[in-house]
Amino acid sequence: MKCYPVPRENLVLSIDNLKDDIPEEYLSHKECYENVIRKGSVLYDIFSELSKDRKHKAHQAPSNAYRISDGIMQNVNPFLLHFALFVPAITNQATPEQQAEFLKHGFGIIGTYAQTELGHGTFLRGLETTATLDLETDEFVLNSPTLTSYKWWPGGLGHTANHCVVMAQLYVKGKCHGPHLFFVQIRDIETHEPLPGLKLGEIGAKMGFNTADNGFLGFHNFRIPRNNMLMKNSQVLKDGTYVESKNEKLTYGSMVFVRVYLLSDMAYMLARAATISVRYSAVRHQSHIKPDEPEVQILDFVIQQHKLFISIATSHAFKICGLWLWQTYSKVMEDIGKGSMDRLPELHALSCCLKTTSTRDAGWLIEQCRLACGGHGYLMSSNLPSLYTTATAAITYEGESTVLLLQTARYLIKSWKRAMEGESLPATVSFLSEYFNKRYNKWENTPKGIVDGLKLVVAGVTKMCAESIQKHVSRGQQYEEAWNSSSVQLIKASEAYSRALLCEVFWFEVDKVSSTLSNNLAVVLKQLAELYITYWALEKRGDLLVYTTISKDDLDKLQERYEELLALIRPNAVGLVDSFDIRDEILCSTLGAYDGRVYERMMEHALKSPLNAETVNQSFHKYMKPVILKHKI
Ligand SMILES: CCCCC/C=C\C/C=C\C/C=C\C/C=C\CCCC(=O)SCCNC(=O)CCNC(=O)[C@H](O)C(C)(C)COP(=O)(O)OP(=O)(O)OC[C@H]1O[C@@H](n2cnc3c(N)ncnc32)[C@H](O)[C@@H]1OP(=O)(O)O
Ligand SMILES: Cc1cc2nc3c(=O)[nH]c(=O)nc-3n(C[C@H](O)[C@H](O)[C@H](O)COP(=O)(O)OP(=O)(O)OC[C@H]3O[C@@H](n4cnc5c(N)ncnc54)[C@H](O)[C@@H]3O)c2cc1C
């Protein structure tokens with residue numbers, strides 16, 4: 001076995017045929033895909049070797065290990081779904097024997113997670129793909145009965161994967177048992193040809209993610225062994241007996257894994273955007289502050305600091321909360337392994353709202369970083385446009401944001417009702433029980449005071465939702481209708497909950513570790529945490545005025561403190577993004593390179609445009625010249 005020296009970054013980045021002669025943005029859709037498969041296969045080979053001595057762990061904590069691919073495949077790695085969902089679905093949903101069987105080829109197979117269909121993405125109970133047990137042959141027969149039942153969107157499905165985990169409606173003896181997962185080979189390992197009975201292809205160009213190879217898949221009487229249903233949670237026995245799962249939602253467990261993961265993922269996306277835009281803002285001189293002095297670094301404009309420092313702070317907030325959420329996830333998975341499902345609803349609710357807030361915030365903050373770089377931020381060579389289109393896809397995939405926030409709202413309303421009945425609540429929602437006692441507490445202009453205030457907003461809005469639902473029901477609506485009528489407020493309750501969680505976890509985790517840090521580091525981290533909390537207190541001042549005793553004077557003082565924090569962070573701003581320690585080869589940005597040679601890099605990159613290969617493009621002679629000459633007076 002070849003032994004690769006570590007660290008992986010040096011190894012990977014030293015491989016010549018992983019570099020592009022022509023920037024990706026100048027390749028065709030097809031060339032882009034072929035190029036990314038070329039590079040991805042080299043990486044796949046390296047990681048396969050490196051991972052040989054490591055068993056597939058059911059759940060790997062968020063790490064930056066797979067981040068090297070972001071530099072090599074600036075768009076998206078078509079093998080990502082293999083690691084992000086295919087393997088976790090098998091390790092999370094298959095029996096140990098099935099895992100041994102399905103994963104025996106290790107990296108010899110490439111998989112994806114095929115759940116979404118042309119007609120259904122959110123409403124999983126409405127999925128149309130069927131898996132019908134054939135008792136005689138001990139097989140399942142997979143079918144796509146309608147066009148809308150075609151699997152549509154799974155990453156890597158078009159041309160990359162040769163296996164997938166398929167979510168299909170399970171039918172046994174004429175009875176439907178709802179969505180279940182199945183291990184399915186879709187291409188021949190040797191020839192890569194689609195297997196008979198399948199229709200496979202790629203879904204076409206997208207706003208971004210164009211190397212993810214999102215595909216479609218239709219089944220026509222496609223047979224798989226009965227044992228290919230992932231049977232850790234529910235089983236179908238040889239005689240057709242269906243054994244129910246202890247909780248049917250365990251089937252949805254792989255989605256929870258990725259939602260939890262995405263918080264850390266967004267921390268990293270934001271770290272890259274912040275590094276690019278802050279470094280550029282330190283290099284770019286434009287305009288004056290004092291008329292009689294030279295043009296200033298645009299980073300000296302306080303409004304530029306206001307645009308950018310929140311991204312530095314948010315990246316840390318997501319990283320710290322991502323680790324906190326990962327610990328919760330690991331604990332709940334451990335409990336489930338011991339047969340206790342008690343905390344699954346709480347984990348689902350937390351992962352839904354935190355995935356939504358982190359992906360939405362990453363989207364608009366990356367866009368804010370781009371806009372803060374002026375025209376040069378609009379260049380593909382800045383890498384900010386690609387970061388934006390990649391990050392914003394996550395607002396939709398793995399659970400569309402509106403839908404997930406409504407799931408969290410379900411949990412908040414249930415928790416509110418339990419609180420009103422005097423029941424004890426999990427720590428993450430116990431503040432709901434204290435609402436009436438704390439509603440009129442004197443406002444404190446401290447990070448803890450703000451966190452308490454944001455929690456009062458959550459409780460107040462949740463109370464308002466519960467009352468709204470009750471009002472609609474009393475006017476004759478069914479509960480589900482009343483829920484729909486109140487959904488604007490329900491979304492607000494979940495958003496407020498997510499923000500309060502992020503502020504609380506960020507502040508208290510930083511506060512907890514600060515005594516273990518060097519004084520300077522503790523001071524700067526606390527400044528970032530306080531900036532984050534104060535920023536959101538000011539953004540949510542309306543809600544705080546309604547649900548807490550905060551005064552105009554308190555808000556004025558918060559605004560003053562916020563501007564003080566910007567000034568305190570300014571001297572460390574470049575150091576803070578340098579500490580994200582993202583190498584140029586992974587940052588892939590003419591504006592954000594460590595050496596600050598922005599203009600030289602921009603020109604070097606521009607000259608790589610195929611259009612600059614000649615001084616006069618052939619279109620002049622073919623098209624323009626005849627018209628110019630014809631109309632020449
Ligand atoms: C080298 C290692 C690398 C590892 C890298 C890892 C990650 C990398 C990071 C980022 C990149 C990752 C991936 C790459 C890019 C793209 C991947 C995208 C993949 C996909 O895009 S993949 C498809 C995702 N597609 C969805 O996300 C569908 C959303 N739609 C649903 O999720 C459901 O459809 C729902 C919930 C809307 C309605 O479902 P429903 O109608 O059946 O339920 P309903 O509302 O009626 O009831 C609700 C009751 O179910 C409980 N409940 C529901 N869901 C639960 C769950 N998950 N867990 C536990 N409990 C759950 C509730 O708590 C409640 O409980 P209660 O009743 O007690 O309130
Ligand atoms: C880049 C990308 C990669 C993807 N990769 C994969 C993959 O690898 N595997 C896979 O299986 N899927 C994948 N998906 C699909 C993704 O999971 C779905 O797009 C997502 O779940 C949303 O479903 P939908 O697109 O059908 O939208 P719909 O469910 O049709 O929702 C459309 C809109 O309707 C509204 N809506 C829907 N339901 C409700 C409700 N109950 N209450 C209120 N409003 C509602 C929402 O506003 C929503 O935005 C990917 C998608 C993208 C964009």
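Even glycines carry a Cβ here, placed using N, Cα and C.
Keep in mind that TrEMBL annotations are predicted by a computer and have not been checked by a curator.
Residues or ranges marked as domain 'Acyl-coenzyme A oxidase N-terminal' by TrEMBL: 9-104.
Marked as FAD binding site by TrEMBL: Thr116, Gly155. All protein chains shown were included, and the count of other CB atoms within 10 Å of the CB of Gly155 (FAD binding site) stands at 27.
Positions annotated as domain 'Acyl-CoA oxidase C-alpha1' by TrEMBL: 252-413.
Sequence annotations record features per position, and here TrEMBL assigns active site, proton acceptor to Glu398. For Glu398 (active site, proton acceptor), applying a Cβ distance below 8 Å and a minimum sequence separation of six or more within one chain yields Met255, Val258, Arg259, Leu262, Lys355.
Feature annotation from TrEMBL assigns domain 'Acyl-CoA oxidase C-terminal' to 447-628. Summed and averaged per residue, pLDDT over the domain 'Acyl-CoA oxidase C-terminal' (447-628) gives 97.
In this structure, Glu398 (active site, proton acceptor) belongs to neither helix nor strand by DSSP; it is coil.
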